[in-house]
């Protein structure tokens, strides 16, 4: 007996506690008293920071500047007590709700589950009631598997992988033997025939798709939360046509208007600014792929799998000089391009430099550019209440924004280079009795000789040329690119190779899954068999 009505009740009633043991398989009875919890809010596994909200697609500081993260060491905790705390019971990350008798509900606690007739499967099709059905013979020994993998910011992405002869379907679309597809919340899973719906998949870590505008849902599948801030959040998403990952920045119009007096400041015209930023095209600048203006703003950005430069520096304590050179060369190219197009970033910091991969040698991209255009004068003054570690001296001593020019970005680049080479910030209120503002405005940075002993004189010289208090005497991006430290042909060749690899990967067409021609077991109904012929696999969601 079909129990799809129970699932509809589950979808409409929201989250409730589940009484079944974690990771258990429970026989489905078609009762509304069964566990019906659906997560109504995102529970990202990303590490939180008390200093800054950020994401792998960039921080939210293009629309609000948050307090800058600090690099100083955290004091060690006191010695733990002798008694070790009990291990917490793992919470399920997903739930499969059975739609037919003979199948059982499943709460997913482990990272991998096989489904099929084989006894080795974690979810074995061995119920006597199921074995008596005609469809049982069409199921494979290992029909499909559901698993999750670590994605951006240590969040997880759920996938379904087809290993059957007669097909596994997600929302009536064939996955294709040997192919995988991201599995999003409320997806319906059918076996052998697209109409033979067996499970509904509930991702307990993400929001329901229905809360997003239809125009957005038509093109993208929304997934995990990657970062959040006072005015919005950043979500991982998948393009429906290609299944490629993207990052979608969501800005709350209501919170943004309240927080920045938007109506009183015409500079806060997000729509106009987005149109300008969409025209920017540089390999070292995050590309805006799409924009949706609904109840909130939705900005679709390319996803950077390597995360933030800040995390890279913290994780490694400091970067190799060769790595610093490769990254900094790209930063200079990006900022030079912005300046040539009349844009001053004014919020350059390691959190706004994203890495294309976890590899040591990789492309970087500047994000949250256009800060100076999106934020008005009043809002910018509020950002100075935070820790201005990367702000140029002229910003701290000026009243309002008058007098700012592109030199402020070059100062920030100098601070970033200092941090990458040494592993600590040049200016910090935690290391001296001198106020942070006085340190910056006097240009007296914290120089530790034993740390810098491993850094070349050329690299240190470039840092000094950028951290000049007088903006007129400070190095420009053009001068920095001509500096002897960056006249490294091997480094430039490596950058070009990485660029070529990226261009090749983005140019390759998406290989769509094709149906299997295997007919080891009978397929029910010849007419139904035609459903799986030459059907391209696409990302899909129940909307």
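Glycine is treated like the rest: Cβ placed from N, Cα and C.
Small disclaimer: the values here were computed from a predicted structure and weren't measured.
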Swiss-Prot annotation, phosphothreonine - which of 89, 387: 387
Selected residue, Swiss-Prot feature phosphothreonine, from candidates 172, 383, 477, 532: 383
Among 120, 379, 398, residue with annotation phosphoserine (source: Swiss-Prot): 379
Phosphoserine according to Swiss-Prot, picked from 62, 140, 372: 62
Per Swiss-Prot, the candidate from 194, 422, 456 carrying the annotation phosphoserine: 456
Which listed span Swiss-Prot calls region 'T-loop/activation segment', if the choices are 341-367, 368-394: 368-394
Listed residues 12, 73, 442, 516, with the one flagged phosphoserine by Swiss-Prot: 73
Cα-to-Cα gap, residue 233 (ATP binding site) vs residue 456 (phosphoserine), nearest whole Å: 40
Whole-number Å value for how far residue 347 (active site, proton acceptor) lies from residue 308 (ATP binding site) (Cα to Cα): 14
Integer Cα-Cα distance in angstrom, residue 302 (ATP binding site) to residue 347 (active site, proton acceptor): 20
Averaged pLDDT, computed only over the residues in the region 'T-loop/activation segment' (368-394): 52
Assigned element (helix, strand, coil) containing residue 368 (ATP binding site), judged by DSSP: coil
Separation of alpha carbons, residue 347 (active site, proton acceptor) and residue 227 (ATP binding site) (Å): 18
Candidate nearest residue 456 (phosphoserine) in space, where candidates are the recorded positions 305, 347, 368 and distance is Cα-Cα: 347
Coarse DSSP state, helix versus strand versus coil, of residue 233 (ATP binding site): strand
